[in-house]
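Shown next, in structure tokens, is the structure this report addresses.
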Amino acid sequence: MGAWKVWTFFAIALVVAVKAYDEEAKCMSHDEDSQVKERQILHIVDSINKPISPDFRAPRGVIDEHKLRGLGTLKKREIFSLFDERNWDEASKVVRLLLDAKDFDDFIDVAEVIRLRVNEELFLYAFSVAVMHRGDTQGLQVPRIHDIFPDKFLKEDVIHRLLELSNRGEHYDRIPIIDATQISHNYLDPNSELEYFLEDLGLNSHHHHWHVIHPAIWVSELGNEKDRKGEFFYWMHHQMLARYEAERMSNGLARTRTFQNWNDPIDEGYAPHISIMKTGYTYAYRPPGYTLRDLPNLPKNKMVEWAKRVLYSIHSGIFHFSNGTDAHLDTEHGIDELGNIVESSLTSLNRDYYGNLHCYAHVIAGRIADPEGKYGEDNGVMYDVATSARDPLFYRWHKYIDNIFQEYKNTLPPYTTEELTPQNSEFRVQGISVVGETSARDTVHTYWQHSLLKVGQGFEFTKHTPAYVKVKHLQHESFTYVIDVENRGRTRTGFFRIFAAPKYNELGQKWHINDQRLIMVEMDKFIEKLYPGKNTIERHSEDSTVTMSSASIFSDISSEQSEDHCSCGWPDYLLVPKGNFEGFPMEVFVIVTDYEEDKVEGPDEGCACHDALTYCGGIDYHFPDKRAMGFPFDRPIKQRNFNAFKTKNMGKVTVDVKFTGETIAPEDFHNQH
């Protein structure tokens, strides 16, 4: 099912059958050699967060010592933060050394040498980037951050229970020995209602791995230029924010407030209760009411200045390049360039002038408890890519960042009818329904599900035996979109885009479509043949090109079959917001355009992320859709409601999302006993 789900969309970029075969052979290797490589990769990373064996001996003579100079700048006990630019030079050097290895065996030998010299987390990040981007490792499974650092995702009480059992030497054969399904409900903190979302293992792992697929430190000298990387930064984080808003509204909470003033107290406190057992690093608690403070080399005023420069360039239409020239951002590439500026990645037009707004805000927020290092306090979760999305402040900050992108989008003209409708074909959406597996038409049920996370043997807290941890997450029933489309011309290929958004705002009022578009979540994107006359298209929720399967999160990675997966994508069990017991009305929107008009022409030489192409793009791959991400809801809409805005190739339906409150056991739960 997983391979079929993306074939329809991935095929957009494949020009001829021979090319398709070549790419598949390159990216989807299942032979014995690839299995050997995967075992070697897993062997390298397996010891990153574990004590090094006293018998280990690093290879000698595989790399000149002078090439290793400068490595080890970041101390081993510290957290590696991709947000902290001070780490970028060392991380970039490690990535380059790993990519420059002449063949796979040399790559493994170089990795064995480097991992002893550098910070463990920095090595894991650089090694993962290299595995994803080397030609001789594409298509292989990349180690998942939660497999290597489960203590970044499991709270201290769970880790301590694992440690107690391990110290007793008890052996349990595939039994979930630790129950971590308790979700707190602290009525003193409204955000505790969102713990199931904020602290979800798959969500936070996705955020980390997305930054592996699209590294801020990537430059064209390392390989092919990343296609639409800046736009992906905008769109993926915009979608994380929109999904967070839907979860808040499902729980009767107002949308999150935008971060606005650097001198205002932050009302939301956050206590992560996570620490790294091997090093003792404990993520700092942020009490409510704290105010962001200057760092020794980074005053808040610098952040304000960078933001003003970006906004001035947006409103004036003139951007300053590092070579001293000025230029206007065009409609097609403007959002991509702006994304690189705001992130700010090494491909920013002018990092000296526009600075590093997004990343350094994470650093300032992460060091709020001890900005000068006076008390030796560890940083908070906002400092770490793997943990930052746990904090409600993450979404307030990204709403601020998203507003900058919307300032740019608001300078673009609304789409015309001609731009919204196919020019060489006539499609009419005549009806849409959503059919749940067990519920009434246009109703989708959600519930809790337990899943088993394997914690491997050899950690400080699992020295003697592996363990299973039972975790609790949201889940929804399978459902099918049924879309009736009339094609009034010859046989064509339709390009389907599906979005969803809450029907009412937090006051119970119908949205102005221009406000509703800002919280649209992308549900799916795919192509389908449309024959003359009426066509009934059925699309299953499991096939979404937005999501990665829960098996990619919870299954033993060594047992997964490599299908060119990037382990990137939104967790499939979070595709639908929680909803509520009464029924949370969501509007599902569909637009059908002509694939021939939207496809990207030209050969491609890389691999796509087959598990979630829409959110993650590809490795060395052109994104196979020339339309802006979020089309047709990415630009301002002057009409008041959807009915006034829509064209004949669009439609919508209201769907009730009902939370049942039930809890479903893992599919293989009984097999563990």
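From the backbone N, Cα and C atoms, a Cβ is placed for every residue, glycine too.
Swiss-Prot lists His358, His362 as Cu cation B-binding residues, and of the candidates His320, His328, His398 the one it assigns to that same site is His398.
Site annotation (Swiss-Prot, ligand Cu cation A) includes His207, His211; from His185, His237, the additional listed residue is His237. When you check Swiss-Prot, the disulphide partner of Cys568 from the set Cys359, Cys616 turns out to be Cys616. The recorded positions close to His207 (Cu cation A binding site), defined as a CA atom within 10 A of its CA, are Cys568 out of Asn323, His398, Cys568. A helical conformation is recorded for His362 (Cu cation B binding site) in the three-state DSSP classification.
Applying an 8 A CB threshold to same-chain residues 6+ apart, the list for His398 (Cu cation B binding site) reads His237, Met240, Leu241. For Cys616 (disulfide bond) paired with His358 (Cu cation B binding site), the C-alpha to C-alpha distance reads 20 Å.
Taking the centroid of the Cβ atoms of His358, His362, His398 as the Cu cation B site, the other same-chain residues with Cβ within 8 Å of it are Phe83, His237, Cys359, Ala361, Ser388, Phe394, Trp397, Ile401. In terms of C-alpha distance, the listed recorded positions His211, Asn323, Cys568 place His211 closest to His362 (Cu cation B binding site).
A Cα-Cα distance of 35 Å separates Cys568 (disulfide bond) from Asn323 (N-linked glycosylation site).
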